[in-house]
Protein chains: 2
Amino acid sequence: MTTTYNSIKSLREALKPLRADKKIALVPTMGNLHQGHISLVKLAKQHADIVVVSIFVNPTQFGVGEDLDSYPRTLEADTEKLIEVEADYIFAPTVDEMYPIMPPPTQVLAGSISQMLCGKSRPTHFDGVGIVVTKLFNIVQPDVAIFGKKDYQQLAIIKQLVRDLSFDIQLIGGPIVRAEDGLALSSRNQYLTETERAAAPELHKAVQDLAVKLQSGRATSETALQSLIEESITAINAKGFKVDYLEVRNQDLTPITEFAGKQSWVIAVAAWLGKARLLDNQEVDI
Amino acid sequence: MTTTYNSIKSLREALKPLRADKKIALVPTMGNLHQGHISLVKLAKQHADIVVVSIFVNPTQFGVGEDLDSYPRTLEADTEKLIEVEADYIFAPTVDEMYPIMPPPTQVLAGSISQMLCGKSRPTHFDGVGIVVTKLFNIVQPDVAIFGKKDYQQLAIIKQLVRDLSFDIQLIGGPIVRAEDGLALSSRNQYLTETERAAAPELHKAVQDLAVKLQSGRATSETALQSLIEESITAINAKGFKVDYLEVRNQDLTPITEFAGKQSWVIAVAAWLGKARLLDNQEVDI
């Protein structure tokens with residue numbers, strides 16, 4: 001049975017008697033669920049007895065002029081999908097329930113990791129992620145929390161948050177789920193016109209091409225890497241995108257300083273296609 | 001029995017089986033326990049089945065040039081006092097255990113409430129309080145947390161933290177404990193010479209004098225209040241103190257804007273006496 005709660009108090013009361021002998025997983029979402037989210041719920045069920053899915057379009061993580069108002073809200077359809085996949089609890093609070101005082105005076109900031117990549121063009125985005133994830137962790141007090149790897153930087157920031165604030169929570173990153181043509185699933189894909197949607201998989205293809213070049217050992221130095229990145233950006237822009245950033249970093253998002261020996265890198269990209277800002281990434285182990 | 005743990009993991013393991021049917025209280029301290037702390041432990045025992053006292057001189061709440069190195073560390077004597085008062089668990093972690101990366105990149109900031117009063121002369125102090133209290137809350141996951149009212153601003157900031165970050169914790173403020181001559185107990189009283197110690201109760205006396213004036217309705221306006229405050233500062237400085245601040249505010253520390261009708265105010269003062277920076281405060285209900 002899937003039960004929906006809108007209040008913090010009622011969710012806590014429902015979870016309280018379960019804590020002693022059940023493992024609880026949290027899957028935080030902004031709703032408008034697609035197969036990417038559903039895969040996270042399935043992953044959660046493998047790691048826990050009880051799965052809580054939060055659905056909350058969090059205003060504090062949207063910047064001025066961003067798509068807070070137009071972000072798709074589809075609670076009824078989301079609920080049907082979560083019933084089908086047998087999630088136990090849906091937590092769908094109002095903005096007032098989450099933020100009785102808005103903006104909340106207390107802030108949870110991630111430091112330099114939140115200023116790079118997506119943080120450059122969305123300077124307050126991860127501040128909003130920090131507070132909402134902290135609140136959801138404190139409301140649900142889960143044993144396990146599942147986040148998608150599509151939001152790679154978000155996952156890295158939450159790893160840091162769990163370590164720095166001593167949350168007793170196991171974090172699990174769920175793999176990116178893609179359409180058949182390779183486009184990473186995202187609620188924001190809905191902003192694409194038909195023509196843009198047809199071109200969108202080129203982003204993933206370009207990242208794959210770059211991954212192949214890195215795996216073949218062509219990034220022998222900072223300069224060589226930078227030149228490969230620039231080739232890749234040019235190729236993506238030529239397909240009608242406007243690249244916001246494309247970077248290759250260590251998987252904890254620190255800059256690469258070692259080019260020899262075994263390396264665990266990640267290619268991270270954000271690019272505009274029409275009204276949609278698309279994210280993609282790929283881990284590359286060399 | 002009083003058991004001491006130095007590691008987060010071992011404390012969590014000890015508390016885990018108790019959570020289902022015991023109420024857990026946390027009393028956070030920096031050690032060097034005096035009767036003020038002991039009164040908080042006794043209060044905790046009235047509100048919970050299990051009392052955890054943390055002893056941690058938190059480096060992130062000391063500014064550059066402050067007394068981090070000289071702050072008294074007396075774990076053995078503290079332990080004896082806590083055995084006597086039948087605390088259940090002492091959590092005494094090392095700095096490395098609390099901060100594997102120092103300073104931690106993640107920050108918990110309280111906003112404008114942390115910039116006033118003590119925050120003016122100790123601009124990073126409450127940032128350190130924010131992160132360490134968040135960590136202790138996540139480590140212990142208490143039902144109740146007890147803080148002394150002597151650190152009035154700290155308590156107000158933690159109230160805000162609990163609300164804004166959705167901690168499921170009941171906060172209780174313990175009354176100030178005073179020496180027979182009226183001086184509020186504090187570990188920093190040890191920094192006073194014999195002569196200074198004899199003069200120290202004058203701070204409390206001046207606050208009491210001001211409270212009497214407020215209660216008799218003499219603060220009829222912003223100007224009248226300011227003039228009473230200035231009288232009081234002059235009186236305190238005349239006794240050999242150097243007042244850092246003396247302010248009268250609403251009890252949530254917002255500035256007073258209403259002077260008529262029923263009011264709940266607090267007098268808050270910090271003053272240097274030799275090497276010691278002494279705090280005191282008094283709630284005034286009019």
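Glycine too: its Cβ is placed from the backbone N, Cα and C atoms.
Curation plays no part in TrEMBL annotations; they are all automatic predictions.
Features reported for this protein in TrEMBL:
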- A:30-37, A:148-151, A:Val177, A:185-188: ATP binding site (BINDING)
- A:His37: active site, proton donor (ACT_SITE)
- A:Gln61, A:Gln154: (R)-pantoate binding site (BINDING)
- A:Gln61: beta-alanine binding site (BINDING)
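Positions of the features from TrEMBL, shown on the structure.
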residue  : record                    : Cβ contacts under 8 Å, 6 or more apart
A:Met30  : ATP binding site          : A:Ile55, A:Phe56, A:Val57, A:Asn58, A:Tyr71, A:Ser187
A:Leu33  : ATP binding site          : A:Ile55, A:Thr74, A:Ala77, A:Asp78, A:Lys81, A:Leu82
A:Gly36  : ATP binding site          : A:Gly148, A:Lys150, A:Gly174, A:Ile176, A:Val177, A:Ala184, A:Leu185, A:Ser186
A:His37  : active site, proton donor : A:Val27, A:Thr29, A:Val53, A:Gly148
A:Gln61  : (R)-pantoate binding site : A:Thr124, A:His125, A:Phe126, A:Asp127, A:Gly128, A:Val129, A:Val132
A:Lys149 : ATP binding site          : A:Leu155, A:Gly173, A:Gly174, A:Pro175, A:Ile176, A:Asn281
A:Gln154 : (R)-pantoate binding site : A:Phe126, A:Val129, A:Phe147
### Task
Determine the Cβ neighbour count for A:Val177 (ATP binding site): the number of other Cβ atoms within 10 Å of its Cβ.
18
### Query
Around A:Ser187 (ATP binding site), how many other CB atoms lie within 10 A of its CB?
20
